[in-house]
Amino acid sequence: MADDPPRPDAPPPSSDPVPAPKDAKTDESSAPRPPPVPETAPDPPADAEARSRSSLLDSVIDMTIFDQILELDDDGTHEFAKEMVTAYFSQASTTFDDMDKALADKKLPELSALGHFLKGSSAALGIRKVQESCEKMQHYGALRDEDADKDLKPAEALDKIKVLLGEVKAEYTDAERWLRNWFKDELKDPFDDKAEAS
């Protein structure tokens, strides 16, 4: 007996698996899942570093004043600005030595005068934090705490200056580092060596 011909309404035979209907539930435990996407992706290291530099810059350098210094050089070389910064490095180094000696000798009027001097030099370049701390030293040396609006006894003033001197040296180090990096990175004109600061 001959084989019956295939019925026209029967689907053709296929070796391909039958796809599941779109609304069929799949085994979620075996299906690969994409990693969750955080709502806010972490900042790339470069952006975080840039923000850190910007934050340091805002607290250390007043760019309005520093830009005015840079504009004094008409030829764009910024030689005048570099000379000012070099002189400041030298003044600060000498002044800190004098402050250490005056503190050891408990000479409050001299500490006040030295604070006033370095405050002015720092303000001229826009070195904000050093300027603010030196102004405090100027007042402490005159037996005055302007923040607390009260007079000080000599022993109190010396204690405050001892703490403040450590802080202002650290602030100066931050400012010096920023200035050296700026001339090296922006102008490709680094300071020769550390001896230039002494």
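A Cβ is built for glycine as well, from the same backbone N, Cα and C atoms used for every other residue.
Feature annotations, reproduced from TrEMBL:
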type	residues	note
REGION	1-55	region 'Disordered'
COMPBIAS	8-20	compositional bias 'Pro residues'
COMPBIAS	32-45	compositional bias 'Pro residues'
DOMAIN	77-178	domain 'HPt'
MOD_RES	His116	phosphohistidine
Handout entry: Mean of pLDDT values spanning the domain 'HPt' (77-178)
Key = 97
Problem - Three-class DSSP secondary structure - the residue listed as 'phosphohistidine' - result: helix
Exercise for the section: Take the domain 'HPt' (77-178) and count its residues per DSSP category (helix H/G/I, strand E/B, coil), listing them in that order. Expected result: 83 helix, 5 strand, 14 coil
